[in-house]
Amino acid sequence: MQFIKRTFPRRAFVDLLLNRFCLREFATTYSVSVSNARKLVRKRLLIADALKFKEQVNNLNEFRNKKTKSSLIRNDGFKLAKNVSSLLQKESLEKALHLLYERSNAKKTVAYNLVLQYHLAKGHYNAAWSLYNDMKKRQQKPSDHTYSILLKGFCDAIEKNKQGNFSKLREYSEKVTASALKESNNVTSNLHHIRIISKCSLKLKSMVLVSMIIPSIKQTLDFYSGSQILRLLNDFSMFNPEQREEVLKMGTNLWNYFVLECQKKGIAVDESLICSFVKLLATSNSPQVRNVGLNILTKVMGLEYQIFEDSNLRYPLPPYCDCTSRSLVTALQVIRQIQNGDLLARYWKYFEESHKFDLNLQVYHEKLRNLVQQGQAAECLNTIKRMSHNGPFPTQQTFLIVLSLCKRPKFYSYTKSFLDLAKKLNVPVEAT
């Protein structure tokens, strides 16, 4: 105390005690207020969490309700399709259509597809077309499978239609093609449609379908469809001389696009596309164009042989190709088409000396067809004898090819020689 008295005056000591008391009271008050604030914040957080959880529960319940409704609609659609299928199996078409036209929220696309298949299988393509239009009117969106069913059905109807009345089928196919390529964004399904359409256009001989499908073929870079279209253009060029230049231009444009894209991507061009294009060039009125086609084929096959001198015409060559005997058969078919006997002898001689490809039965048959066209009966006989010694062994088809030459009066005397050779080789052949 003495120290306090000496150091602090009485007044200062009292002030110090008062200040300490106030600070303690302030600290107590502050801690209480902070605690209350924390409780309030915690309470608000709990309320927010509860509201958020309630919202999540409501969303989950809403999602479950929607899922339940959609699953019910989907189940109703499957049940409807199952009932329609069983009725169609019992040939109860009217009852199946009655189920389709009943009011319900079920998706009926699958059921419609079943009835479409039924109509097309029966050959009722007019009824199928009417049902397809009715399907769209009733807000039942056609699926990719719907278009596939229609296109394949029309294609099969063309094969079965012996009268050749394709006007309606052509009209239906063109309209379905436009819808399929417009509404389907799936590359895989589009590719499937393109292949069906290319097959359909080949049978219908429809240039409208060709012009519609070529942009899609370029987009997918599908060799199969490209080959089909080039085959169709080949037929058009052969039987429609007045449109030959236009057709050749269209085919060349498609060929250039395919080859340039393959060069960019470093992929091989399919052999069927090359053979189809060479056959198309062989229909040209210009000898130079026909010669260029054969030069392309020999270069692609890797043969160091140039049949004709290079002309001013330039076509892009594919980077590489895995060639088979199909290319050889195509070359012989082109030679037969342009009717050049000297070319056949030169080509065959070089071909035998190259030893790069297998001379199978199909190749020999194509050579024999060339010889029959040129009327070389003695050479046909010698070729068959070489086949019997070196292979491939002659078949009944081999002798039928050469016996067609004997139907001409000039070569009737060779009939006995061919039949005797067939008998010697134990090949069953009857004189026709």
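Backbone N, Cα and C define each Cβ position, glycine as well.
Swiss-Prot lists 108-142 with the feature repeat 'PPR 1'. Here Swiss-Prot flags 143-179 as repeat 'PPR 2'. The repeat 'PPR 3' annotation in Swiss-Prot covers 360-394. According to Swiss-Prot, the feature repeat 'PPR 4' maps to 395-429. Here Swiss-Prot flags 1-33 as transit peptide.
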Report task. Could you tell me how many residues in the repeat 'PPR 1' (108-142) are helical, how many are strand and how many are coil under DSSP? Result -> 26 helix, 0 strand, 9 coil
Report summary line: Per the Cβ filter (under 8 Å) with a sequence gap of at least 6 from its ends, the repeat 'PPR 4' (395-429) is approached by 361, 364-365, 368-369, 371-372, 375, 377-378, 380-381, 384-385, 387-388
Report task. Would you mind splitting the repeat 'PPR 2' (143-179) into helix, strand and coil residue counts from DSSP? Result -> 30 helix, 0 strand, 7 coil
